[in-house]
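Copied over from TrEMBL, here are the features:
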BINDING   CYS38, ASP40, HIS90, CYS93  Zn(2+) binding site
Amino acid sequence: MASQIQQNLEQKNAQYASSFKEGHLALPPAKKYAVVTCMDARIDPAAAFGINLGDAHVIRNAGGNARDSIRSLVISEQLLGTNEILLIKHTGCGMLTFKNEDAHAVVEKQLGASGKQELSGLDFQPFPDLEKGVEDDVKFLKESKAIPDSVTITGWVYEVETGKVRKVA
C-alpha cells in the first residue's frame, strides 16, 4: 500500500504532467551555471534565486557543501557546458549546530554498532561559522584542479528569515 507521501507525489505529478509543455528543453542548462545549495526544506531555489526550468543545474546537499558537490560540478562543467558556480549556504543551517563527534554519537545510538562501523570515518563536514563556511567552500572550489580557472565562483548567504541573499565571497 502506498504511503500518504507516495499518493501525494502521484497526484501532484499527474496535475503537473497534464499541462507540461517543457519537454523540448535542451539537456545543457540554458544559462550555463550551477547552484550549490543546502537540502533544507525552507529553501526553494527556483523561486528564491529566479531559476526557470532549464536555466541551471541545482545541486543540493546537507549544508550546500562544495566537497560533496564536486562530482556533479565536474559533470555540469565538463560534459554540459556550465561556466559559473553560485555556492549558497543559509542562516539557521543545521550544519552549524553540531560537531562530527555529536553526529557520530547519534548514529551509534540510533543505528548501533553496524551503523557506527559503516560510518566511522565519515566527516559530516559541519561548520561553526556561516560566512567562513562559505569562504572555505569557495576557496576549495577555486583551488580544485577539477574546476577550471575560467569558471566564475561566488559565495552567498540566503537568509531564511527574510528570503534575501547577500554576497560573501
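Placed from the backbone N, Cα and C atoms, the Cβ positions cover glycine too.
Just so you know, TrEMBL annotations are computer predictions that nobody has curated.
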Additional residues surrounding Zn(2+), by Cβ distance to the CYS38, ASP40, HIS90, CYS93 centre under 8 Å: THR37, MET39, ARG42, ILE43, GLY63, GLY64, LYS89, THR91, GLY92, GLY94, MET95, TYR158, VAL160
Sparsest Cβ surroundings (other CB atoms within 10 Å) among the binding-site residues CYS38, ASP40, HIS90, CYS93: ASP40
